[in-house]
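Per TrEMBL, these features apply:
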- 1-25: region 'Disordered' (REGION)
- 14-25: compositional bias 'Low complexity' (COMPBIAS)
- 71-93: transmembrane segment (TRANSMEM)
- 164-182: transmembrane segment (TRANSMEM)
- 188-208: transmembrane segment (TRANSMEM)
- 239-259: transmembrane segment (TRANSMEM)
- 279-297: transmembrane segment (TRANSMEM)
- 309-342: transmembrane segment (TRANSMEM)
- 362-386: transmembrane segment (TRANSMEM)
- 398-416: transmembrane segment (TRANSMEM)
């Protein structure tokens, strides 16, 4: 019975807290260069995930106009993407141990999804394409985050840069989609998305050659990790950990609030603060703050501590959101939204850094996949709920939803454990 406890032991946990895999003491120049190339390619992949999530906000008014939709029906696009994200997470958890990292991460689903959306086909087809994009983004994001978290040298900074790329995608996408939203061929924005996807396929294939993760890391001089002595699947091992569910709920709310802020803020500023079509750039300001925060605030995170700084960022973000809600100023609201992005940006990579230290290394990719999926689901469900509330109470109701979400995040961060305990059933098994 003791073999079950071997899945997650204090020794394994300590190893995972120090580094996911063993790094060489003196890496060669070639290994250092290859590590940088691999990281850069994965950063570009995560940029695509951010681009996908940042696209919709400025296009919502145009989609409503073209398809004659209300807030509730157009908000279903967020829900369909979340269904794709859950499907993609399950595919990642199931397929990665069987066929390997290199054969799973190819973003082919987006090729079909973006092609359908670029054609501006009837709304049911357009919505179905969101499912395909959700599957592809979920798989790609999880594989990239899991790999970056497994790199032994300076993983915290690498994760910060990787998640900054996600923010860069959210920043860049509204700048482009705002322009397309004012054109007759608005759906051609998705041709740009298709081009980014094709470049990702090419680079991922050239750099990783469809190899398993351990083989790719071995090229960096890192030794592989044991899969544990349990016969249970990675999925069962992962879901037996309560910390996984708490972290997933935290990221669910975190991303949901962020997407609500960037996705519905354009409509809010247009209808409540009198902004015109150029209000789409406010969403880009939020995303720009996210990018800057994830890079510029890395020294502050280390100085104060990655755990404590999340509380500070959360309180400041709530204060800035109250400015957007209560101060009747278009410019003031736009500035507050941008600074809100600045202080909320580091939260996601800080949470992933804690996850990389908290969970066993052989469960890291599966865990990252599930966390990314739940984050994406939050990025769909919470904006949908906000849209449903807005359809009844008006678009002004968006702001209290965001404030409540940020307050909930502070509570969840407080109860997420800092150290991993063995699952209850494993302890009971050893006692027998």
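Cβ from N, Cα, C; glycine included.
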Sequence gap of 6 or more, Cβ distance under 8 Å, 3 or more pairs: do the transmembrane segment (71-93) and the transmembrane segment (362-386) meet that?
yes
Segment proximity, the transmembrane segment (279-297) to the transmembrane segment (362-386), 3 or more C-beta pairs under 8 Å:
no
The transmembrane segment (279-297): which same-chain residues, six or more beyond its ends, come within Cβ distance under 8 Å?
50, 54, 57-58, 160-161, 163-164, 167-168, 170-175, 177-178, 181, 258, 261-263, 265-266, 269-270, 273, 333-334, 337-346, 348-349
In the same chain, who gets a Cβ under 8 Å from the transmembrane segment (164-182) while lying at least 6 residues past its ends?
43-44, 46-59, 61-62, 141, 188-189, 192, 262, 266, 277-278, 280-281, 283-284, 286-288, 290-291, 293-295, 341, 345, 348-349
For the transmembrane segment (188-208), could you work out the same-chain residues 6 or more beyond its ends whose Cβ comes under 8 Å from its Cβ atoms?
37-38, 41, 44-45, 47-48, 51-52, 55, 59, 101-102, 105-108, 110-111, 114-115, 117-118, 136, 140, 176-177, 180-181, 216
Residues of the same chain, at least six outside the transmembrane segment (309-342), with any C-beta under 8 angstroms of its C-beta?
167, 261, 265, 269, 273-275, 282, 285-290, 292-293, 297, 300-301, 350-351, 399-400, 402-403, 406-407, 409-410, 413
